[in-house]
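Residues or ranges marked as UDP-alpha-D-glucose binding site in Swiss-Prot: Ser277, 336-338, 353-361, 375-378.
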Amino acid sequence: MEKSNGLRVILFPLPLQGCINPMIQLAKILHSRGFSITVIHTCFNAPKASSHPLFTFLEIPDGLSETEKRTNNTKLLLTLLNRNCESPFRECLSKLLQSADSETGEEKQRISCLIADSGWMFTQPIAQSLKLPILVLSVFTVSFFRCQFVLPKLRREVYLPLQDSEQEDLVQEFPPLRKKDIVRILDVETDILDPFLDKVLQMTKASSGLIFMSCEELDHDSVSQAREDFKIPIFGIGPSHSHFPATSSSLSTPDETCIPWLDKQEDKSVIYVSYGSIVTISESDLIEIAWGLRNSDQPFLLVVRVGSVRGREWIETIPEEIMEKLNEKGKIVKWAPQQDVLKHRAIGGFLTHNGWSSTVESVCEAVPMICLPFRWDQMLNARFVSDVWMVGINLEDRVERNEIEGAIRRLLVEPEGEAIRERIEHLKEKVGRSFQQNGSAYQSLQNLIDYISSF
């Protein structure tokens, strides 16, 4: 760590696994460059302060009932959090600024800025009223962050109703999306989404800058276009975990027995299956995935979160005839140490929902993907994997045993898989070069450090 520069940065993550991890990683990056770190967080899904003893953690009430905490409706959860947390956040931030102003002597630190997740709709006006610069962190790709603001309008005014003959056509405004992807991305009434997205857009444009955990090597055209769209400084500092070795900021406890089990498997023979920390699936989806794994006859590591199968506790509905075979070839756990799993020599492929963090973790470990996107940005991420980078196979919405079995065989057994592995090795090297001196992520991070220090 560099010597303290006398500056403090306040960070405010959304309390979702895919949002907390990047924010904590960013905190670690800034701390290594001499900044002191304060993390404001909700009671719900609070990050593990004990894992980061050099940071200051401040908890604010979120007003969620036990029933609301268990909801699988992310849009409802975001609405409740934004409604309930505005006043407690304002009070907490005001006290922090007052405390900093009253400090004297060597202990005095200047609060440089606030960095807030793009899903918080009230942070920009509060920061502005307190004369504190605010930067926005997006956990999406640059491409999706841009396109989410116009997709509702495109769906309503341009692409609906969609003819069967148009399903595979590219969305001209946002390739590589297909027209049929828009319907899956916007699977709720667009009138409900419009006010939320409009607030996010206006808050972002009024902020002092925008941070992405991506780099120009992965999304060059969109980075350039985003600078034109938002007219604010944009920093693509690269996949966050590439700056530091993994440390646990997971909200779930990983099953560490995965690693010794993987140690017993042959190189690049195991298919790793995980659909992230938010996605829920039906009982029939789980059974189709189980049959696909069984019929592929390849060793596998399957993650099934408790409560992730709608209406069920865990995997109790998988038929005994399948479980017997599954137990012979694979291992089923409730949560896995994903970064450690992906870098293991035994992993030959990743059947993933294509959340952005999972996607770039797979790229950075050169693990080819089988894409099974379910919602929101995952469809666009999967298109990048299969159609742009060509480092995976896209199942789209086909949760069918034959499709899953075939994709596993194509990836791990057939010649097609070897070509995909070569391409993802090249992509890994390309992304890796972005972190070297004068690389895009390296330079963007340095620009971010200088920018924050200038406030």
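Even glycines carry a Cβ here, placed using N, Cα and C.
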* Structure fact -> In all the protein chains shown, the tally of other Cβ atoms within 10 Å of the Cβ of Gln338 (UDP-alpha-D-glucose binding site) is 26
* So how many other Cβ atoms are close to Ser277 (UDP-alpha-D-glucose binding site), meaning within 10 Å of its Cβ? -> 24
* To do: Check each residue in the chain of Gly355 (UDP-alpha-D-glucose binding site) that is at least six apart in sequence and keep those whose C-beta is under 8 Å from its C-beta; list them in sequence order.
  => Gly18, Gly276, Ile278, Asp377, Gln378, Asn381
* Using a 10 Å cut-off, grab the number of neighbouring Cβ atoms around the Cβ of Glu361 (UDP-alpha-D-glucose binding site), all chains included. => 23
* To do: Let me know how many other Cβ atoms fall within 10 Å of the Cβ of Ser358 (UDP-alpha-D-glucose binding site).
  => 22
